[in-house]
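According to TrEMBL:
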ACT_SITE  B:LYS87  active site, charge relay system
ACT_SITE  B:SER162  active site, charge relay system
ACT_SITE  B:SER186  active site, acyl-ester intermediate
COMPBIAS  B:141-151  compositional bias 'Polar residues'
DOMAIN    B:25-480  domain 'Amidase'
REGION    B:141-160  region 'Disordered'
Amino acid sequence: MSAATETLVDFDEALETYDPVLGFEVHVELNTKTKMFSSAPNAFGDEPNTNVNEVDLGLPGVLPVVNKAGVEYAIMIGLALNCKIAETCGFARKNYFYPDTPKNFQTSQYDDPIAYDGYIDIELEDGEVFRVEIERAHMEEDAGKLTHMGGAAGRIQGADFSLVDYNRAGVPLVEIVTKPVVGAGKRAPELAKAYVAAIREIVKNLGVSDARMERGNVRCDANVSLMPKGADKFGTRTETKNVNSLRAVDHAVRFEISRQAGVLNAGDTVTQETRHWHEDTRTTTSGRPKSDADDYRYFPEPDLVPIVTSAAWIEELRSRLPEPPAERRKRLQAEWGYADAEFRDVVNAGLMDAIEETIAAGASAAVARKWWMGEISRLAKNADVEPTELGATPATIIELNSLIEAKKINDKIARQVLEFVIAGEGTPTEIVEARGLAVVNDDSALGAAIDDAMAQMPGVVEKIKGGKLQAVGALIGPVMKATRGQADAGRVRELVLEKLGIEG
Amino acid sequence: MSEIIKLSAAALAEKLRAGEVTSVEAVQAHLDRIAAVDGGERGVHAFLHVNAEEALAVAAEVDAIRAAGGAEAEALHPMAGVPIAVKDLIVTVGQPTTAASKMLEGWMSPYDATVIEKVRAAKLPMLGKTNLDEFAMGSSTEHSAYGNTRNPWDLDRIPGGSGGGSAAAVAAFEAPLALGTDTGGSIRQPGAVTGTVGVKPTYGSVSRYGAIAMASSLDQIGPVTRTVLDSAILHELIGGHDERDSTSLTDPVPSLVEAAKLGATGDLTGVRVGVIKELTGEGYEAGVQARFDESLALLAEAGAEIVEVHCPNFKYALGAYYLIMPSEVSSNLAKFDGVRYGQRVLPEEGPLTIERVMGSTRAAGFGDEVKRRIILGTYALSAGYYDAYYGSAQKVRTLVQRDFAAAFEQADVLVSPTSPNVAFEFGSKSDDPLAMYLNDVATIPANLAGVPGISVPGGLSEGLPVGIQFLAPAREDARVYRAGAALEKLLEDKWGGALIDQAPELAAAIEEGAAR
Amino acid sequence: MSAISREDVVHLARLAHIEMNDAELDKMTGELAVIVDSIAAVSEAAGDDVPATSHPIPLTNVLREDVVGKTLTPEQALANAPDADENRFKVPAILDGE
């Protein structure tokens, strides 16, 4: 059945009749130095087939050896997800033919995952907390990369041939599988997105993955089924593969709820199948019906021996775990004294770490926020890069701020100096020096400019003399102009009042 | 026939060290022998590839080092310059590796197997790659895609399998040493039927890295030679821990040469030898049984205490083997799909998809026995049958290990005929896979349990060699060398020389057959 | 346990990616039936209390340090490829393109 012939039911309407049940399989690529079973480099973006050795190509005679870091990262993920860690577990072969799978089997774990029975609490935007139970987290290896040539723009359908790059083959993966998530109701799409975001944040915080979804470091398969309200038996589920952005997770779940409601309302049954997500149309379409693929003939990997985890090893790994992201956020907001909205903006801008570092380097919470959320973010947006990639560092901010506090420069000039820092001209102090940007604090030079301004604007002078002190502001503009902006506005005001013999 | 090729590897090494013979002479003598007896319609056809140029170059290098003397000569491995043949299941840089399959015709490995690295480090010139049943699946070498290897004792008979090429090369004096692989008897059974010595080491004691996997939990590389001492020497050379093989043992290599020398005294006082009741009697040819019984009598005379042991679960071993092995085969051989290396065969008709190209490549590239085992293994692992087949077979493995453990309570080594029969004629079993499988009934239990085993010549039955097998507990490989060397000594004293000396003169046999 | 049927063999050949014609399927079905019968006793040999042994010698925790080793050059990697393009392995279309 194609998407076009399906009747979609309005999302809200669908949820008046049905309760959605979700499930997620999230694949996390680990950022170990080498692959899971070979010593070839685990690196992204290199020339094709350069990060391969005989093991990665599945050449005759080769044998795998387990990467200790891969196991430790998997255990750390398990611990961060509040899982039990298996006392003993092993690897299994999942047999299926596909040209991106060099051995035509994937080395994975089957009935004894390294981590199982965990949970994470997902906080939605309004503060409501959902507990998502984790069924298991297991280790496996990634496949190579297929590029489909000819036919329509890189699509598998209609391609004339495909090219295979095995650089990614064997990269360590941890697959995190949830138990069915029941009771999210209308918040299912939001929860789905928040869950994937939470996993991404956890693995990034652990330092075990680069966690960049656009690079495929975190990939989500989303299971959705519907059951009539009040029912206690789950409906038939579909698995939407490779939903690879947070927004897409939200949309894919939303679409499947609408689509399945349409199928059920029409009196039909939902087909248990794999579905493909299409970002362009924000729809899913049916994958090929499962034929061979459902019989993977798992059996224990004879070339690898079991892993036994001692309590000491697990405790050592537990001691390496950083503070969980949710707890860290609560703590930082309290420490910094940001309002909820302010803090949320910081988190959404991805600047929590940068601000934390800046504060640690000696800036006040307000100054750190002002710079990162203000001028740096604005310049980054113009340059179309992340604020942290712009070239401004906590040291830049500290230095700019101390120049302002010492009245060497004013805010406006500080913003100019920042631009020069980003352009690579040096530190703020060097730039102020080299470009002669220091505020004109020389009272005689300022005095001349003020005299000129007062001479040109006698009306303003009269107003000030008449007690309307705010009229001083009208004189500041011309003075600034005369000094090319390098005057300290406060000092100008003081001097004007002084010249007129008025107590400020 | 040159006297050089009749020397044992140990004796040849001694002459090389003494400067009585050069390595180039030794290699050339074997190349000449290969040229004389291996080719042609009636030739032994032990070799799939002869590596003359490289072998001579390595030999010349060894000779030069020895001639120069000094520290480098001192540092040479004692066996440096002694030529060796390599089963074509073991990958080698610079020589094709085919596994005797059309699938890998002309394939050049970009890396060396660990055992080959060790052979190179010790500077043993490699004479070439020897024939085998395709991907080591068979007991007769009739399943090679490149033709049969003939048994030097009778050119109309099989040399055993899968390592028929290595055994025949050694038996025909084409090489003093060879490497084999043993998954269910592929070193020991060819040894038995060619009158040579073959050893399956303890699982994990020799690295499997670079041996094209047949059944990963059963495969083991081992030595193929004409004397027990030579096997011990080669075993020590190739053994030891390898971090590229996760199943490799970290134990130090035991002193096997010492054990073989101890055995060669012919004294077995205090050694308990257990006769496995289940591996004698019915199903074993009368001539085989007779030679076996005579060997037992000699062992007893030499001071061994002969005890009878029972291994009641061995009757399930063959069945378990024919579930575990094909299951692993079906997965291990999935990589041969025409995508990354090897042959690619396009379908003759219909759509040209990768799935169909894989299907036609595998249809054309694999022989019948390989296909049979892949399909059988696919069946044994498939949903709904796993518990009954693969799962049950792994339990039988436990039972076989328990039988061994109990038997080794009563005996230091166990003994049985290596093969129930002597070499059979070509074609006599090739239409009956099951009859072929029964050749391995006595060798398979050792693979299931991971324990070491040796086959030594036990005499002749109707002019054809009979093999005697000794088995020891895992990591106790030294015991099979001691027992094997003792029996070798006792029998040779009785015969007045090595069994291989009774083999028919090969060149004449080849000519005679060709003239017929 | 039921004996192996021709449909089983058709399915297994597809799983194993080995194309077989009718004659081959018939022959294979007959041979496998004999083999499967002869090994069927294995399923009754061991009780539920017997653990499975997947590795003949028990070892655990054979782990490699996360240190980069040597790689093949793309030329070495592709040297044996039946077909290649742009330093990648070239394969026919995955799906039947009508």
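Placement of Cβ uses the backbone N, Cα and C atoms for every residue, glycine included.
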Across the domain 'Amidase' (B:25-480), what is the average pLDDT of the model, as a whole number?
97
According to DSSP, does B:LYS87 (active site, charge relay system) fall in a helix, a strand, or coil?
strand
DSSP says B:SER162 (active site, charge relay system), in three-state terms, is coil
Give the number of CB atoms, excluding that of B:SER186 (active site, acyl-ester intermediate) itself, located within 10 Å of its CB.
38
Taking helix as H, G and I and strand as E and B in DSSP, count the residues of the compositional bias 'Polar residues' (B:141-151) in helix, strand and coil.
0 helix, 1 strand, 10 coil
